[in-house]
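If you check TrEMBL, you get these features:
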TRANSMEM  20-42  transmembrane segment
TRANSMEM  54-76  transmembrane segment
TRANSMEM  88-106  transmembrane segment
TRANSMEM  144-163  transmembrane segment
TRANSMEM  183-205  transmembrane segment
TRANSMEM  217-237  transmembrane segment
TRANSMEM  249-268  transmembrane segment
TRANSMEM  280-298  transmembrane segment
TRANSMEM  304-321  transmembrane segment
């Protein structure tokens, strides 16, 4: 099993240990994102603009990449920097930006629970585009594993966590409000399909781009996050009046930005040396971390559905990465 397939065979022990540590750290950071955001709440609301957090995250990633090149952690390519190879990363930044905004826009046309369940279809779209664009065939066993991964995400979203004494899945409604009824509009369904396709395309396209270019990862990230900063700066400036860039930020908010920036850098390494499928498993495994942290920090209750989802994730990993 190659590294691109998410495996470890053929790697020396030091590289295997680094690869395993990287995947574990990325899983932990993905899982900690929502609980950390919940700790930022003031009177039940996030006190800063979401666009500010996204912009600062992209800027942090850009600065970290520039720093790693300046101090020589990654070798600068010989000769003049191949700036013409930066242009394709503009499409990556555009796809990621469109995806991030679609997530917010989708909430107008369906309830959050329906979105959480149906958004797991992006696992299928990513796998399909991975096969078509990278010419990688999945076995029946691997296809079944990805179906189990989709089922695990849907189970968790449908009720893996709940507030003790209540019957609705987390997060609970605000005080004095009733749970939002399940609903989805035809436009919401079309936008959800578009979201899943863009999510898969952004992941697969970025992987293809990073693997085809013979450039150090830090330089590729420098290209990607430069476009990301410019795009999100424009979105932030065009978002209308609201809190300033750093207004409402706390220590928890700074931790959210830093963890997301580091996770973005780790995930880019997975895309270059692993695969989009490996990324799907990292995101799915992060549900377990998310649930445990939510139970510890936010006093939410784990349900039987959570344990079913965990079992399905374990079975999926066994099917996909186990002996053929």
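Heads up, the Cβ atoms here are built off N, Cα and C, so glycines get one too.
Automated prediction, rather than curation, is the source of TrEMBL annotations.
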Under 8 Å Cβ-Cβ from the transmembrane segment (217-237), and at least six residues away from its ends along the same chain, one finds 49, 51-52, 54-55, 58-59, 61-62, 65-66, 68-69, 73-74, 76-77, 81, 85-86, 89-90, 92-94, 96-97, 101, 206, 209-210, 245, 265, 268-269, 272
* Is the number of Cβ-Cβ pairs under 8 Å between the transmembrane segment (88-106) and the transmembrane segment (249-268) three or more, considering only pairs separated by 6 or more positions? -> no
For the transmembrane segment (304-321), out of 54-76, 144-163, 183-205, 249-268, 280-298, most C-beta pairs under 8 A are with 144-163
Lying 6 or more residues past either end of the transmembrane segment (20-42) yet within Cβ distance under 8 Å of it, the residues of that chain are 8, 48, 171, 248, 250, 252-253, 255-256, 259-260, 262-263, 266-267, 269-270, 278, 282-283, 285-294, 297-298
Please work out whether the transmembrane segment (54-76) lies in contact with the transmembrane segment (280-298), by counting C-beta pairs under 8 angstroms that are 6 or more apart in sequence and asking whether there are at least 3. no
Near the transmembrane segment (144-163) in space but 6 or more residues beyond its ends, with Cβ under 8 Å, are 113, 116-117, 119-121, 123-124, 127, 138, 169-170, 172, 277, 280-281, 284, 287, 291, 294-295, 300-303, 305-306, 308-310, 312-313, 315-320
Lying 6 or more residues past either end of the transmembrane segment (183-205) yet within Cβ distance under 8 Å of it, the residues of that chain are 91-92, 95-96, 98-99, 102-103, 105-106, 108-111, 114-115, 118-119, 121-122, 124-130, 133-134, 271, 276, 279
